[in-house]
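Let me begin by presenting the structure, written as structure tokens, before commenting on it.
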């Protein structure tokens, strides 16, 4: 086996590297080329429309494509640019806008990895005769029986496992993540040593197609009627003010709600059907149960074979939060997670990612998107009563 756990010498192994034009994927290409692998760099043109293409740090914009091309020239490897803009719009941007309109808070990076990078690009890599597709993600994979399993990376500050939970077993077996055992400073030092022009380049932003971070601008551009005004309502039923569209709000938000109140109020619910923003005290945010959809289970046995009383593991509901104790249940076609410690600011559309434990080298067991969450009994009763009140 070679360094990528593939049979044969590096010189007889073709690897496609997904090159975004950033330092991470550039170093992956450089390391593999230095080992003697036949490296083919592929850059995806995902978004080249309006102001976003001029945004500093936006992924796969014009400058990034030029940077990837220069790195490939420096390394002496083949490089191709593929126009995936239409696929990206249909698979990522349009669903992103639709989710906000329905009151959810989506994670477009998961959708991009799930559909474009690890589905379409992986198929392209196979068509090019590659033995593996390598990326610059900070996550580890290693052999686990007849397959490979995902693990959190050495650099906890760069851990991208939250955004990769939807990677299927078939994809994991074909993918390689050479940076999983490195820190970001090490990667930059290698880029400097190799003389790569991107050695000091800033990291790309998560949402590449949102100019200046104003996602509402993108949504209203794609869906002109999305910003429907409505009431800002207290969870107890009082109308406190008006808003210019639920797409401007997210669960757990406190600042910029647009009302004056004698107590701290948070967005606790987005009622898309009635165009209402529901606010309440912080305790109304506490969530204990998460009902999941589109679950991608990466355990060693089928999800249907979970014990009747569930499986204890750890769950992460935000990319910036550490995993916390939880119990996974699956019964009668439904999958849900019981959080042992309450979480606040849990929004539908976000991900709940599952881990073996809370250590830095924990195994990733997959996860799912949050369909809905259940609060404390008092908050659930108030929300249920509010839904029966006409707007």
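Numbers here mean position along the shown chain, with the first residue as 1.
Glycine is no exception: its Cβ is also placed from the backbone N, Cα and C atoms.
Features of the protein shown, as given by Swiss-Prot:
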{"type": "ACT_SITE", "residues": "112", "note": "active site, nucleophile"}
{"type": "ACT_SITE", "residues": "208", "note": "active site, cysteine persulfide intermediate"}
{"type": "BINDING", "residues": "18, 19, 20, 21, 22, 23, 24, 25, 44, 136", "note": "ATP binding site"}
{"type": "DISULFID", "residues": "112-208", "note": "disulfide bond"}
{"type": "SITE", "residues": "137", "note": "site 'Interaction with tRNA'"}
{"type": "SITE", "residues": "350", "note": "site 'Interaction with tRNA'"}
Listing them in sequence order, which of the recorded positions 24, 44, 112 have their Cα within 10 Å of that of residue 137 (site 'Interaction with tRNA')?
24
Nearest to residue 22 (ATP binding site) by Cα, among 112, 208, 350 (recorded positions)?
208
Suppose we draw a 10 Å sphere around the Cβ of residue 20 (ATP binding site). How many other Cβ atoms does it contain, all chains included?
24
Cα separation, residue 18 (ATP binding site) to residue 208 (active site, cysteine persulfide intermediate) (Å, whole number):
16
Under a three-state reading of DSSP, tell me whether the residue listed as 'active site, nucleophile' is helix, strand or coil.
helix
Under a three-state reading of DSSP, tell me whether residue 20 (ATP binding site) is helix, strand or coil.
coil
Select one residue from 112, 208: among these active-site residues, choose the one with the most other Cβ atoms within 10 Å of its Cβ.
112
Would you say which of the binding-site residues 18, 44 has the most Cβ atoms within 10 Å of its own Cβ?
44
Fewest-neighbour residue among recorded positions, criterion Cβ within 10 Å, set 22, 137:
22
Let me know how many other Cβ atoms fall within 10 Å of the Cβ of residue 24 (ATP binding site).
25
Taking residues 18, 19, 20, 21, 22, 23, 24, 25, 44, 136, which bind ATP in the record, the widest Cα spacing (Å, whole number):
16
